[in-house]
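Engineer: Structure in structure tokens, see below.
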């Protein structure tokens, strides 16, 4: 972050982030609505956002948030969007628990090629135990084991990305050499969870390695991020917590032998924007009024990892055992409920807004102030913007908030580089040519 | 095939189909060369081809064909091409041995949505045993077991595609119902190889089911195709064999209770085109002259499933045990060598041309004649065109051969429908609404 500017991602959800956002008269929605998602992405690129980000899940979330009912597979969606855009980063979620390192390495390397170096992988361990039933698995691995698998998975994927030296494919018609001799390497990985020989059948990505994002904020999640991630998404409610998390993570990054500037922390933020503060408050109230209480309780149960539908809505959050599925997100909510003495109803209103992420309502100036305050305090390197609904609320952010941030020297007027790494200010990983066994 | 017209697919290979095609002065190549592949696809669409087809493998084929050294993951490639095209079908290969039905169902459903109903899945069992080492598997399953897995895999994928009723997502702002009640169904599949609960988290594809292609010509491959495929790719060298295969398969289709018009048989064909027959022969000789004999022997060994590098090049094909990897393709080659008494050198020249597929060289009229003869004789419903190199040899096919086929009433002048199924004349599968357990 040596240029003193914040990074911005757009967290794309087909039905918006507020659980009832899609019901707003201005809202358009659909996780499979390519024209809408294309329009939003083009708006983000016109605004010089660093990236658009697609979350994902491996079950239908019919009981929780409309954005999770149906959504196109993120790599398919982003490969299509790669053709409609030129500079914006394209970040997709893929699971380390229900995928194969070879496939994951390959699709992200492929997206990096198709997009000219704009791919990012949000590596997740898949929270929901019900996912196992879609993958012929008897059991969902417990939380800490999922992170141990993820660490090895990431190691294998990074190794596979280095299968080809840069410039390995020479296509020399005269000599008949399609590939430079000795430029393709096996990985020969044999570990606890994976055995992957390699090489990958895609040449080295334009970025060397696509950008790796990590979004778990539990202790194992932070350790993994400190060792392996380029960008960290997180949910933080207060400035103090945000600063403690960001500074704590940067310390772990340095302890892992990396520079703290090599990892960017980007908390989620849901901006509810009006021309006046009163208009923004009224909009937020209108959104909250659209919530179906039964659906909100299902969503809250989903985020807590425990069914809370039987409890008194105006009573306190009941005592719950730790969730093995959603450690950091569930803890964020339970801590918040205890500290602010929220009733179950207040807590589900909060979750309905942005699933535990920070919500800011106000004028464009007030939203810009909120971003600036955290950025200057070292609580964030940037933000993952989560509009309550699309497309108008996002357009108000781009048209209203970004010019103010630019005036203050806090956000770019144009892209600095060609690749996502260049725009994020992250180094291109060197290949591992030396010492590898040569197979071709 | 009630309209009396042949179907045409373009078999896209980054380095062309002839093993030395990429060395031709006019050739451009690269399995990761998006601008080239986009140009070729646009040419195919301008020619009103039914589809472009991407083969795939899960290892680097550095020892065999330059097209297999590095190639972008097919779904990523086709999702990008979906944005550059409007009507042509987009067919990708995905393995039933090294994939998960949930992922495969989802990516093809997603491609079908992104392309407006133009997706096709070439379901393969993955021939090469060396693939196992990239997927933490000790053993590559034997041939017949791979087909048993494939059959169950296909059943699950088709079931998952029916998870949502057509029109399930209603987004009714007034009532707050995002999804129509009772319109999303679990699959609850429990089989020998897979347990998949569902529902899929993608709504029903525009085509109902993306087109399913099968490319194995062994007995289990034909049985699978007869029960489950919409299109069959095959390699056939002579008219008699082509007719026997096509008519035999159609008989099996009828025995499986389907109409023989519901399955289209499309053999591969490599057209080497010149302005005169002499020019075409000279071009073919030039291509054959570019072959590196050591590489050709590796390619032949690869296709036979046995290393033949130690044998006398001018002697006959040695006796070889059956290959468990490549049953039908290896048998095609060994049968051909025996019948035509080919030396090892002659056999590798043949394989170098189009890997065992039929090669036709001549003028545009001669190529059109060759297509017409097989089509009228019932040896093919259409062809999978395999140009020896790109882009000029393919452009000669589109500009030279297609007008002749049109004159003869054998090929369309414009697309008949919007979706690939409509253009192929295949019915849209009904959903399975009745009798399924309702979950939402």
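Even glycines carry a Cβ here, placed using N, Cα and C.
Feature list, courtesy of TrEMBL:
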BINDING   B:56, B:93, B:143, B:147, B:217, B:218  FMN binding site
DOMAIN    B:19-379  domain 'Luciferase-like'
Engineer: Counting only residues 6+ apart in the same chain, whose Cβ is under 8 Å from the Cβ of residue B:93 (FMN binding site)?
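Structural biologist: Sequence-distant Cβ neighbours: B:53, B:54, B:55, B:56, B:74, B:121, B:122, B:124.
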Engineer: Check each residue in the chain of residue B:147 (FMN binding site) that is at least six apart in sequence and keep those whose C-beta is under 8 Å from its C-beta; list them in sequence order.
Structural biologist: B:125, B:216, B:218, B:220, B:221, B:223, B:224
Engineer: Give me the mean pLDDT over the domain 'Luciferase-like' (B:19-379), rounded to a whole number.
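Structural biologist: Reported value for the domain 'Luciferase-like' (B:19-379) is a mean pLDDT of 93.
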Engineer: Which residue among the binding-site residues B:217, B:218 has the fewest other Cβ atoms within 10 Å of its Cβ, if you could check?
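Structural biologist: Selected from the binding-site residues B:217, B:218 on minimum Cβ neighbours within 10 Å: B:218.
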Engineer: Among B:56, B:93, B:143, B:147, B:217, B:218, recorded FMN binders, what is the largest CA to CA distance in Å?
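Structural biologist: Taking every pair among B:56, B:93, B:143, B:147, B:217, B:218, the longest Cα gap is 19 Å.
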Engineer: Note down the number of other Cβ atoms within 10 Å of the Cβ of residue B:143 (FMN binding site), including every protein chain shown.
Structural biologist: 20
